Amino acid sequence: MYGALVTAADSIRTGLGASLLAGFRPRTGAPSTATILRSALWPAAVLSVLHRSIVLTTNGNITDDFKPVYRAVLNFRRGWDIYNEHFDYVDPHYLYPPGGTLLMAPFGYLPFAPSRYLFISINTAAILVAAYLLLRMFNFTLTSVAAPALILAMFATETVTNTLVFTNINGCILLLEVLFLRWLLDGRASRQWCGGLAIGLTLVLKPLLGPLLLLPLLNRQWRALVAAVVVPVVVNVAALPLVSDPMSFFTRTLPYILGTRDYFNSSILGNGVYFGLPTWLILFLRILFTAITFGALWLLYRYYRTGDPLFWFTTSSGVLLLWSWLVMSLAQGYYSMMLFPFLMTVVLPNSVIRNWPAWLGVYGFMTLDRWLLFNWMRWGRALEYLKITYGWSLLLIVTFTVLYFRYLDAKADNRLDGGIDPAWLTPEREGQR
């Protein structure tokens, strides 16, 4: 047994050494396109990860989401009140419920700087693990071109960069979202419980992924739904006697969460209030995007749920999240990280985002580019502060439009019984079989 383990370890080291040395040896033939792309993308991907997770984070930013978290867990450790903030200020506030405070409590046992760096490291690792799981979900490996391309693309975005620089928990939320989708796709009873546990843990911290509970409900995966409800209830109930004045969360913090603020808010309501849109127009836009979402979800459920579960789960998750950010009261740009599973569907033959309008929308909410025009502030403010809202809106419209025209084409060809995928796609799939 010992000899076998030693042999295996030696073979792994030998394989890694050979692969590293191979890059420096004279070639005996022309490299493949994939080899060239991997050689170009991996250094950029690795350095982007290091730059975002070390250089930018240690330099810091005026926006610091971790500071109120650290204050809260420090107060929790000392038995002091936590939910006593002044919400009239625009500084980041502590909004986690008592259960979230309990989960974050270990960070209060370290000094501020080590605690913050540990938090950043955990979120960086979570994003990288989520990237790996996404690759495996879509049948790619670490040796494929997709691996460095995905990592580079993720760490070049505003959502990942600001999550790490602002020191937010969204990296862990992304990992739990990917695990939730993977385990629902697995379908086994034990995996359904695990999926519910994963999304339930996110709900202990924030309700960001709450709309995704519709997926196990529609797919009759009641175990995941039960676990997703029970976990946050149990953790919060357990935390109540441990937190000083826990009811202040319900009387002070929760009304603030449910309200609408006109700063750092990319929802239709938030931007509508900021730019002074009439109430009727804000209401009309929210109803319009709810109708678009309903149409997209119905087409996805009717024609993809059983025939193409991967496409259904990932695309439906994107539709639900886009709707919630546009229509509900609060949405911030770095929430867009949760769309990575949806954006990965671009590699699927029947993807709804293989078109330039979809990626124009993605640019809007993923780019680090600033569009403020200091000489024309009226237009610059609109471009800068609305680009995320425009991007979310355009991507949701594109998704529904593609699905709707697929439906019309299939109906005209009298082939709705076989689904609504383009006619050319069915022969291609048959050939792959």
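The chain as shown is numbered from 1 upward.
Each Cβ is built from the backbone N, Cα and C atoms, and glycine gets one as well.
Annotation comment: Swiss-Prot describes 118-138 (among others) as transmembrane segment.
For the transmembrane segment (140-160), the list of distant contacts is 34, 37-38, 41-42, 44-45, 48-49, 51-52, 127-128, 131-132, 134, 170-171, 333-337, 340, 344, 347, 365-368: same-chain residues at least six beyond its ends, Cβ to Cβ under 8 Å. The transmembrane segment annotation in Swiss-Prot covers 140-160 (among others).
Residues 52-53, 56-57, 60-61, 63-66, 92, 116, 119-120, 122-124, 126-127, 129-130, 133-134, 137, 191-192, 194-196, 198-199, 201-202, 205-206, 208-209, 212, 215-216, 219, 221, 224, 313-314, 317, 334-335, 337-338, 340-341 of the same chain, all 6+ positions outside the transmembrane segment (164-184), place their C-beta atoms under 8 angstroms from a C-beta of that stretch. According to Swiss-Prot, the transmembrane segment annotation covers 164-184 (among others), on the basis of sequence analysis.
Annotation source Swiss-Prot lists transmembrane segment at 197-217 (among others).
According to Swiss-Prot, the transmembrane segment annotation covers 224-244 (among others), on the basis of sequence analysis.
Residues 214, 268-269, 272-273, 312, 315-316, 319-320, 322-323, 326-327, 393, 396-397, 399-400, 403-404, 406-407, 420 of the same chain sit 6 or more residues outside the transmembrane segment (280-300) yet have a Cβ under 8 Å from a Cβ within it. Among the features that Swiss-Prot reports, transmembrane segment is placed at 280-300 (among others), with the record citing sequence analysis.
According to Swiss-Prot, the transmembrane segment annotation covers 310-330 (among others). Cβ atoms under 8 Å from those of the transmembrane segment (310-330) belong to residues 137-138, 177, 181, 184-185, 209-212, 214-215, 257-261, 265-270, 286, 289-290, 293, 296-297, 300-301, 304, 338-339, 341-345, 348, 350-352, 389, 392-393, 395-396, 399 of the same chain, restricted to positions at least 6 beyond its ends.
Taken from Swiss-Prot, the feature transmembrane segment covers 333-353 (among others). Within its own chain, the transmembrane segment (333-353) is flanked in space by residues 127, 130-131, 134, 137-138, 140, 146, 150, 154, 157-160, 162-163, 166, 168, 170-171, 173-174, 177-178, 181, 208-209, 266, 308, 310-311, 314-315, 317-319, 321-322, 325, 359, 362, 365-366, 388, 391-392, 395, 398-399, 402-403, 421-422, 425, 428-429, which lie at least six positions past its ends and keep a Cβ under 8 Å from the stretch.
Positions annotated as transmembrane segment by Swiss-Prot: 356-376 (among others).
Within the chain, the transmembrane segment (385-405) has long-range Cβ neighbours (under 8 A, six or more residues past its boundaries) at 266-268, 271, 274-275, 289, 292-293, 295-296, 299-300, 315, 318-319, 322-323, 325-326, 331, 333, 336, 352-353, 355, 357-358, 360-367, 371, 420. Per Swiss-Prot, the feature transmembrane segment maps to 385-405 (among others); the stated evidence is sequence analysis.
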